[in-house]
Structure formats: structure tokens, C-alpha cells
Amino acid sequence: NSSSMKEFILLSLSENQGVQKIYFVVFLLFYILTMAGNLLIVLTVTSSRHLNSPMYFLLCHLSFVDICFSSVTAPQMISGFLVENNTISFAGCIGQLFGLHFFGCTEVFILTAMAYDRYVAICRPLRYHTLVSRRLCGRMVGLSWVGGFLHATLQTLPTALLPFCGPNKVAHYFCDVHPLLHLACADTQAEGLAAVANSGVISLSCFLILLTSYVVILVSLRGQTLAGWRKALSTCGSHITVVILYLGPSTFVYIRPSGDLSKDRSVAVFYTVIAPMLNPFIYTLRNGEVRGAMRKLCRR
């Protein structure tokens, strides 16, 4: 009976007290940078009259999702560095699991929509405004949120209904499907396979769609001048970086059956902490328009 389990204990990234204090400072700084950077992008794009192309509309949503995604895991992890037992209630744990998959999956879909936008911008520049309208972008973002919600529900419900009666130490610094399945007092093979099928297939297929879109873009540039190449690569470079940082590690975690959870812990830091923090830097440092709009916003 799941109600017999009132709370779970989350593991820390390190057992060493001294290291935990260093981690506390480092990850707190990371989280502050994530919040500040992404909030700045949301404010810049929404307040600027010039940044009204579909690319910025998608970037604004990506930053908003990053703020939410980071906030699902980071605060709990950071406060955990300062306490002996980092406990989370059963409801909190299931909520964290839902939030993680909801925002994480929405982010994957938005990144895929951004790849389509980049593909049209580079390979079909003359038809860009007919192929990528504001309405289509609104639809793509709406579908990303709906898809994320459905995915998260399918991941969370079966896990929440499992009986938890034994040990309550989650072998991870946040509640995720694999670590929770390890604690259930029931045969969880079907749930484990469903989780791999659900998360693994989504992250792997989006990863492959994104990689294919870049191959198509690069092939289409064959006859281009050096300036054309440079422009295309600067447009795509930032996006490729984000995709590899975010989808590479999450595909690794979800595509294989749950065996070694300690590996998952260190890999998960990439997509739960580092990728959301780097997004604003990657997109703004490569982009003069956003930098200019940010300066204007800061002057105001």
C-alpha cells in the first residue's frame, strides 16, 4: 500500500561532508545563473519589438521551460547538501517525477521545433515566412506542452500506483522512474520496459530527427560560399551544442534498462543542471540581435 510510505530519502551527489559544502556553493551558483540568464532572455524577447521572428518566440519558450525544469530538481538537491537526510514526501516525490518529465519532454519537443525553424531558414530562405508563420509556431509550442503533459502522465501514473513498503532510500538526487522502480514491493519489469519505451524512444527519436535535420542542412550548403557556410553554421552551432548537451545524456539514461544508478546520477547533472544554465549563454553569445536587445533592456 503506497500510503504506508510517507517519505523518501534522496541520495546526495557525494557522501563526503566537505565536498557537499563545496557542491552547495557551486550548484547554488549554477541555479542562480540558470534563473537569471533564462529570465533575462524571456524578458528581453517579450519586451523587444525587433525580436519578433519565430526563432525568438521559440527561444523565449525554451528559456521559460528551462526555468521550470531546473526548479523541479535543483532547489531540493541544493538544500540536501546541508542536511543529514534529504527527505521528500511521497506526494513531493511523485510531483517531482511528473514535473521532471513534463518540462523535460516539452523541452525536447521545443528543441525539435527549433530545428525545423533553422532548417527552413537555411534551406528554404525565400519561403521562410510562408512555411514558418507565427501561427504554426504557436501550434508547435502548444503541441510541445500537450505532448510533454501526456508523456509525464504516462510516466508518473504507473509509478505512483506501485506499492512501496520496504526501503525508502532513492538512489538518486531526485525522484525518477528507474530509482523508484527499484524500491517498489512488486515486480516492476513491465513498468521498467514501459519507461524505457516512453522516455527512451522520445529522446532517441528526437535526437535522430535533430541530427538528420543538421545533416540535411549541411548537405544543402554544398555549393555555398564561405560566408553562407559561416552564417549557417553560426545559426546552427548554438542549437547543436544545446541538443548534444541535453539530449545526449538524457538518451543515455533512459534508453537502457535500469542497472547502474550511480552512473545515471553523474550523467543527469548534465541535463538537469548544466544544459539549462548554458542555454542562455549559448544563444546570446552567438547572437548579436539578442545582445543588443538585452543592452537596451538593461539601460531601461
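Including glycine, each Cβ sits where the backbone N, Cα and C put it.
Small disclaimer: the values here were computed from a predicted structure and weren't measured.
The following features are taken from TrEMBL:
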- 37-283: domain 'G-protein coupled receptors family 1 profile' (DOMAIN)
- 22-43: transmembrane segment (TRANSMEM)
- 55-74: transmembrane segment (TRANSMEM)
- 94-116: transmembrane segment (TRANSMEM)
- 136-154: transmembrane segment (TRANSMEM)
- 201-221: transmembrane segment (TRANSMEM)
- 233-255: transmembrane segment (TRANSMEM)
- 267-285: transmembrane segment (TRANSMEM)
Using Cβ atoms and a strict cutoff of less than 8 Å, what residues sit near the transmembrane segment (94-116) while being 6 or more residues removed from its termini?
55, 58-59, 61-62, 65-66, 68-69, 72-73, 76, 88, 132, 137, 140-141, 143-145, 147-149, 151-153, 155-156, 159-160, 174-177, 180, 199, 202-203, 206, 209-210, 213-214, 239, 242-243, 246-247, 250, 271-272
Do the transmembrane segment (55-74) and the transmembrane segment (267-285) come close, with at least three CB pairs under 8 A (pairs 6 or more apart in sequence)?
yes
Using a Cβ cut-off of under 8 Å, list the residues of the same chain at least 6 residues beyond the transmembrane segment (22-43) that approach it.
12-14, 59-60, 63-64, 66-67, 70-71, 74-75, 77-78, 81-82, 273-274, 276-277, 279-281, 283-284, 290, 294, 297
